[in-house]
Structure formats: structure tokens, C-alpha cells
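Visitor: Among the features that TrEMBL reports, domain 'Septin-type G' is placed at 40-313. As annotated by TrEMBL, site 'Important for dimerization' applies to PHE162. For 344-371, the entry in TrEMBL reads coiled coil.
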Amino acid sequence: MTSNTRYKSRALRSEDGREEKEYVGFATLPNQVHRKSVKKGFDFTLMVAGESGLGKSTLVNSLFLTDLHKDRKLLNAEERISQTVEITKHTVDIEEKGVKLKLTIVDTPGFGDAVNNTECWRPITDYIDQQFEQYFRDESGLNRKNIQDNRVHCCLYFIPPFGHGLRPVDIEFMKALQDKVNVVPLISKSDCLTPNEIRKLKDRVREEIDTFGIKVYQFPDCDSDEDEEAKQKDRELKESTPFAVIGSNMVVETRGQKVRGRLYPWGIVEVENQSHCDFVKLRTMLIRTHMHDLKDITCDCHYENYRAHCIHTMTSKMNTDNRVESPIPILPLSTPDVETAKLIKMKDEELRRMQEMLQKMQQQMQHEQDL
């Protein structure tokens, strides 16, 4: 039997005779969550994919103002002939205004460089599944509090600027990853194209994405209570996809200011000039406005689909055979000792108290709104 008790907040009278509600203090909950999150820090895993020479590493360095490949050795033509797709990880700790971010960049050297690129995306999809599998194992274990999240939250796919749209390998790659990770297509090295050519290529890529039913990352709609400026920025981001980007590790001087850009005989291309490319819009989307949404979709959609598939597979095999040969082994349940049982009971009691507290707070907030 559940009883809903409504509490009426006591009213205090101020010196001028007006009634003022007594302050309880749960309005500081967002501040508590903020402090806890900042103290814990954030993690984000970004995958970059595309054939060699499209400026993947340079763009990542420009986005996060870091250098991930100080000791990289460039392969010659003979070494690239026999090169296979490999997965390399680079992790850096970035801090800005007291906020810590553990950034993991997953690079895919060798993708699309072979003569025969049949299923060249297979090592990449296997890697994403391996991260889901590891997270599922950790989540099913005892040390759930200290789970390290290595799931891929976003994949930047670099489209060459030299073609007339998507190539067959581009279509196959994005369709292979569309249900596993948030795919964000980019037109790389857009300084090779004129503004008119960029517009035509964007229209062609968008048209082919719709034609072939490719599911790329969709920007969430703004809330109805957002101001007009936020809605305008959201429209600009949606209209700019696929982002035409330029990266540069060089700092050049123009009009008395030092900017990141590329120096050509006919002028300077500025990376952060929105009339030159969409770099600023990509950075805004990826870091300032939609990073948390990318993580939420990874957790609530892509990972949950994988988790549901694993559980369904294990359940089906348990119904047909006593032996379970799934990739996620089920550990035999042992009889808990006294200390473990006591700890589980304490955790259950703590969870029940928290649920009751939240329920009371929600009821009190609803009561104040009704007043």
C-alpha cells in the first residue's frame, strides 16, 4: 500500500507583511551534480576514419589544440601496398577552466588504401563491438563503480573532395557503422574547392545519403522554450552538414593577427574563419553543444541495442541447451558470504531511502507549482 502525503511549505512573513515561502534547499541539487561531475571529470572517445592523406590527424590537433602524433612515421608507397587496416588509440588529458576531459582518439590507418577494399571496414566494426563487449562485462561484474568507458561516442568520416559524391566504399562503410556509432560525415580539405563547388558537393552527398538510406547523426530539435538565437544556430548547424573542413597546425599572421591557417601564393585560408570553412561549426557541435548528446545516444541507443542482442542470444541458448557458448560468458552464481550479504542489504536500503527522498521532493515541487 502506497500513501502519497502532500506537504505544505510553511510561510514566513517579511517585514512589509508579504508572505514568503520558507527555503528548503533542494534547489541546489543542480549545483551539487555540477560539482560532482567536474570533480570526476569527463571522457569522450572520438574515432576518425578515411583514407590516408585527408588531414584526419591535422583536424583533430586543430580541434583540441594538441599534438597526438609527435613521433609518427609516414609510410612510403611500397609499405602502403601491403598495409592492412589497424586500430590505434591515443589518449590525452585536457583541462580547461578546471574541467577535465579524458579524450581518446581512435585512428584507423590503412583504411581505403589497398587495391582491394572489400570489407575493409570489418576491423573497425569489430573494434566497436569489442568495446561494447568489454563494457558489458564490466557492467555485469562486481566493480561497477569504477567502470572505464571506452565505447566510441562519435566517428568522423572523411569524404575526399576530389570526387563527385560518395564512393561505393564510403556508402558501405557508413552503412556498416550506422547502427553502432554516431557517424558524422565531413568533406575534408575543402580549400581545394570553390564555394560553388562545395555547395554542389554538399547537396550531392546529402542526396546520396537519403537515396541509400544511410543513417548519420541527426541533430536533436531545439526545445520550444529556447530563444531565437539558439534556434538560429541549430538551423545553421543542420544546414551545414556535411561539414566542409580545413585543418592546420601552423599559425600565420594576417591583418596584424596570428591565426591558424594555411599560406598560399594567392592568400591565406583561415581555419576559424566561417566564410572559409565549417571548422568552427564542427567544433561547436562536437564540443560545446552536442558532446553530451553524442554520449547519451551511444549509451541509450547503440549500446542498449548491443546489450539487448547479447541478452536475447544468451536467453535463447539457455532455452535450447544447458551450455551457453555466447561471447559474454555467464559466471556461476556463488553463495554470498555474510559480509557480502550485509553489504547488499545496506545498498538496497540506501537505494530505497534515496527513492523515497526523491519522491517527496517531486511531490513538494509539484505542490509549489500548484500554488
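Quick reminder: no glycine exception, Cβ is built from N, Cα and C everywhere.
Help me picture these features in the structure, burial and contacts included.
Guide: The Cβ neighbour count for PHE162 (site 'Important for dimerization'), using a 10 Å radius over every protein chain in view, is 11. A coil conformation is recorded for PHE162 (site 'Important for dimerization') in the three-state DSSP classification, outside any helix or strand.
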Visitor: On average, what pLDDT score does this prediction assign to the coiled coil (344-371)?
Guide: 73
